[in-house]
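**Q** Attaching a single structure in structure tokens format; questions to follow.
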């Protein structure tokens, strides 16, 4: 269950409000899940006409105002809209946009990147730090950097450098390939290039030599061995580098990435190792090159108190380094600025109990006080906020191909001569009511198991087993209809909603497009992008195209807990049913894999214009020919193999000439097409 923070707070706004706490209108904190009971998803019964479903109901159900503000909302037509510039105006109907893109031969699944959202996120982050600096009279500046590892796509990095230029926004590289990207693209005067990750001689020399190009690379020492490497390279090249040290804080993070700190963290120097590095640099006459202190307490920090504790410890280390003679100028607070994926504004791992302004305020205030106490000049502040910048700009659109439902028809009464177990199930079904539903659920389950046992012994015929199972599902549906009207139900019936859920088969690979859903149970907001003026009467889970039982999504955002099913509309064959996965712009694309050889999806970059929008870039998804080449197949050789087999089959009269030509043509065309299904 979610462990709620002690504070509720408002969503971020362009004004970057100083308000920290926002209590619900009733004055009460949100209640967590009862240890013994859980509230099920409410639904109107088919005969319930007491109220009409409204747009506001969909807004509340999918929590779009919680996680989507100020970019996503629902319009009067029941479609999701996107406001790429936030509350500064201009919006697009996402459903209409998808249809327009499909008419341009951009098939689903489709990744839509909104360049204006990326720009708005950079503006907001810089505005928050500017406001904090002004509020606390901080005599320093903020210089953000974007960690390239969050999303290495060329068009995104190019946009980020362009949008960040007014703020001297820089880049952070965590590997040699990322360093190559950053060196080639970052041309903003005064911006910083933070060089993290494991380093060899080539990495260090390349970073140092880039100083000659007018760039400001800061080589962050993360392993003790790197100190000697940097000293040797500096002496050989005759270049005095700008150095930093990454400290392993004792402050413990929280959530999935909480182990990024501490003595056994993967990266960084312990306090004794930092002293060792300082002594070595002093002996090499390079102590004045040590100008930056860096720490990272993990990605997606959900609780503001963790940030408060970390900056308190880090600021003390910073002033001590300055007192040891280092030429300290920069403090890099790393990443961790969270994204509210579930809209609950709590310290749950998929949320955060603070906003961007709270984050900036606490960093600036603590650092100013510590430096003033020790009479040390304040540093230039740096953050590596990748997730908070990149997540919102990307929306993954996919369609539903079909559904699989448990039988919901009214069951037939038993016929004379049928197995007694069928009569027992029928009597159970007839007798279920609000008083006995729990007891009769046990009975129905027992009778179903008995029917399977009789079938395995050869006593029950196949048709009888089918009838028994239909009666069992009818009992479950009747019980579910009852408990949906209750506030809470017993633990043993909690899974009934999921047991009765439909399976919605989606045109998507979870492993390719949302690997964190599979790998670490990450929650992303998922919802239909149209029909939101209709009540979603179905409950479902999502199953992808891969031949893998893990290729599914059965965990969804909720205010009080994680839902095991998602409210969906009845699927209408022949009619499109589009769904969107939101806030997935960080890490997912680069971490996606080729399971079952489903490749990269189509991607399009959209920018708002006074008259609507323009398509800046189209990045076509992988074709079948491309994905097979990744595993060392040559498509021309494959076509030739099929051609030769067709010729042999013709010779042996196992295929007609027309059939062979049709097969060959289809085979060649398929290799040139998208790896996903035509919708």
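Note: Cβ is positioned from N, Cα and C throughout, glycine not excepted.
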**Q** Between 1-43, 44-86, I'd like to know which one Swiss-Prot lists as region 'Disordered'.
**A** 1-43
**Q** For residue 335 (substrate binding site), what is the tally of other C-beta atoms lying within 10 angstroms of its C-beta?
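**A** Excluding its own Cβ, the number within 10 Å is 26.
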**Q** At the level of the C-alpha atoms, what whole-angstrom distance separates residue 341 (substrate binding site) and residue 149 (N6-(pyridoxal phosphate)lysine)?
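**A** Checking the Cα atoms of residue 341 (substrate binding site) and residue 149 (N6-(pyridoxal phosphate)lysine) gives a distance of 20 Å.
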**Q** Which of 149, 331, 333 has the fewest nearby Cβ atoms, counting only those within 10 Å, among these recorded positions?
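**A** Checked 149, 331, 333; of these recorded positions, fewest Cβ neighbours within 10 Å: 149.
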**Q** Just the number: how many Å between the Cα atoms of residue 335 (substrate binding site) and residue 149 (N6-(pyridoxal phosphate)lysine)?
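**A** If we compare the Cα positions of residue 335 (substrate binding site) and residue 149 (N6-(pyridoxal phosphate)lysine), the gap is 12 Å.
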**Q** Roughly how many Å separate the Cα of residue 331 (substrate binding site) from that of residue 149 (N6-(pyridoxal phosphate)lysine), to the nearest whole number?
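**A** That comes out at 21 Å between the alpha carbons.
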**Q** Out of 337, 339, which has the highest number of nearby Cβ atoms, where nearby means within 10 Å of its Cβ, if these are the binding-site residues?
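**A** The residue with the densest Cβ neighbourhood is 337.
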